[in-house]
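Now, the feature entries from TrEMBL:
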{"type": "DISULFID", "residues": "Cys109-Cys144", "note": "disulfide bond"}
{"type": "SIGNAL", "residues": "1-27", "note": "signal peptide"}
Amino acid sequence: MREARRVTLRVAIVFLLAFVSFNQLFADDDTILYETFEESFSGRWIVSEKEDYKGEWKHEKSKGHDDYGLLVSEPAKKYAIVKELDEPVSLKDGIVLQFETRLQNGLECGGAYLKYLRPQDAGWVPKGFDSESPYSIMFGPDKCGTTNKVHFILKHKNPKSGEYVEHHLKFPPSVPHDKLTHVYTAILKSDNELQILVDGEEKKKANFLTSDDFEPPNPNY
C-alpha cells in the first residue's frame, strides 16, 4: 500500500464562532497546499460573499504570539474563506488534511470546519460558497451544548444510485477544553482506514466499510 498523499483540492474554512486560526495543509513529496498565513490572505484566498457569512476576517497576530494568522474578528458571526487550486486531486490514493487553530477565547458554542470541496457545477465561484456547496470531506472541532466532537463526514457518491450520501464518523474524539493551539489531522488511507489525530496523537482509528465506525457504512463497490 502506498503512503497516503497529503493533498487537497478546494478548501473552504468555515468558522461559526469567533476565534483565531492558523491553518496548515501539509504534504510529503507531493506538496499541493501549505499555508501559514504569515502573509496576508488578500488576493490568495477568497472570502464568501453569501449572506450567512458576515464575519470579517483579519490578518493579525494572536494574543501573546509573534506569528501572524487568520483571525475572526467578532463573536456570534459566521465566517467562510476558500482556496481553489488549478487542478482536481483524486482521493483514491489516500489523503492527509491538517490544520492548526487556537481558540484564544475558548469555545462555548461553535465550530471550526475544514471542507474539502469536490468539483463544482459550471459557473460556481468561490465567493459564492455556502453550506450547500458540494464537498467530499468535512472535518474539525464542533462544540455546543451536549455536542463535543472532532467532526468527520465523508460524502460519497453511490455508483449504483448516483446519489451522494453523508457518512458520519461514530464516537469521534472530543475537543480539547483549553485556549491553547491544537493541530487536527485526518489521514485517509487507500485501504479504507481513517485516523484522526490531535496534536500528533492518534485519537480515533476507523474503517469506512464497517457499521461500527460509520453511519451509514460506506459500501465497497
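Every residue, even glycine, has its Cβ placed from backbone N, Cα and C.
Cβ-based neighbour count (10 Å, all protein chains) for Cys144 (disulfide bond) stands at 13. There are 12 other CB atoms within 10 A of the CB of Cys109 (disulfide bond), with all protein chains counted.
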